[in-house]
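Each remark here refers to the structure printed beneath this line.
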Amino acid sequence: LMIKMPLLRGPLVLDGSMATTLINAGCDYIEDDPLWSSRALLKDPKKVLQTHLDFLKVGADIVQTNTYQACISRLQDVLGISIRESYEIVEYAASLARRSIEHFIEDNGRNISEYYVAGSVGPYAVSLCDGSEYSGRYIQNTPVSEIRKYYHDQFCAMTMARVDFLALETMPSLTEAKIALEVLSEYNHPSCWVSFSCKDEYRTNYGDLFSDVVYEISRCPGVTAVGINCTKPDFISGLLKQARNVLMPFVVYPNSGRWTRATGWVEPPYYSKPIGERVQEWIELGARIIGGCCGVSPLQLAEVSKSVKGPLVQNCHF
């Protein structure tokens, strides 16, 4: 794993939702698939590549690998393949992300050193495929050895991939994050960010105080930033204010809606204003990497990018 984190150049723009963009591109088969958007790596790799490109075109500096749901044991079970072949799927996902950057700079004359690939690693809940990252309660009765094995598998796969750093994301609890980082410490401390999914302005989905989480995680070796993702945007400012006393850059990529079969991605009424209009406040509160999670399409990320960088991107149509 390459070890670098581009925080000195910040604030930077992270990409948006791979799943939302794939569904909008006709890959609705991923909705009911146990591999979720990772299925598209096998079925529609060109659309995965195009999704990365679409985010780069609207100003993303960082693209995440399409591996959130690429649990090694689940890949083996669902596809009937070996562990080595499962690793190769993760490696392929990273190569698509890297290739998208190469294509983008060829067309735009940019410097490749200005763009980054983040290796997406979801929580243990991904192996359960039941949405339990939104409660984190499994941490109470799952053997630590089982959680450690999950992260060993994911990190082994990532060592084969060409990523610049890791994104340990949608963490529901401090306990799980610390287990993941203990395992990661056995892999020569590649730099990473750890981001948590939160249920309100104060606590993670499991119920840990976000201020406590940031303090604890900021003391762990190899962690360059701590973040919030898969969270309602109305909660972000309150969460960041809680943790302002910790000298740690923040990564912020909230949700922008929810998916329904009838209407696609919709913005519920609890979003008082669009994400793009909140970005400057988040930067003032310490956010150095800002993007989007569920529901954030390239069109929506363009608004985030304009807020971070100014209206640099024009004539992009999706």
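Cβ coordinates come from backbone N, Cα and C, glycine included.
Annotation comment: TrEMBL describes CYS230, CYS293, CYS294 as Zn(2+) binding site. As annotated by TrEMBL, domain 'Hcy-binding' applies to 1-308.
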Binding-site residues (CYS230, CYS294), the one with most neighbouring Cβ atoms at 10 Å: CYS230
For CYS294 (Zn(2+) binding site): DSSP state (helix, strand, coil): coil
Environment of CYS230, CYS293, CYS294, the listed Zn(2+) site - residues of the same chain whose CB lies within 8 A of the CB centroid: SER17, THR170, SER197, ASN229, THR231, TYR253, PRO254, ASN255, GLY292, GLY295, VAL296
Coarse DSSP state, helix versus strand versus coil, of CYS230 (Zn(2+) binding site): coil
For CYS293 (Zn(2+) binding site): intrachain residues, at least 6 apart, with Cβ closer than 8 Å: GLY16, SER17, THR170, ASN229, CYS230, THR231, TYR253, PRO254, ASN255, SER256
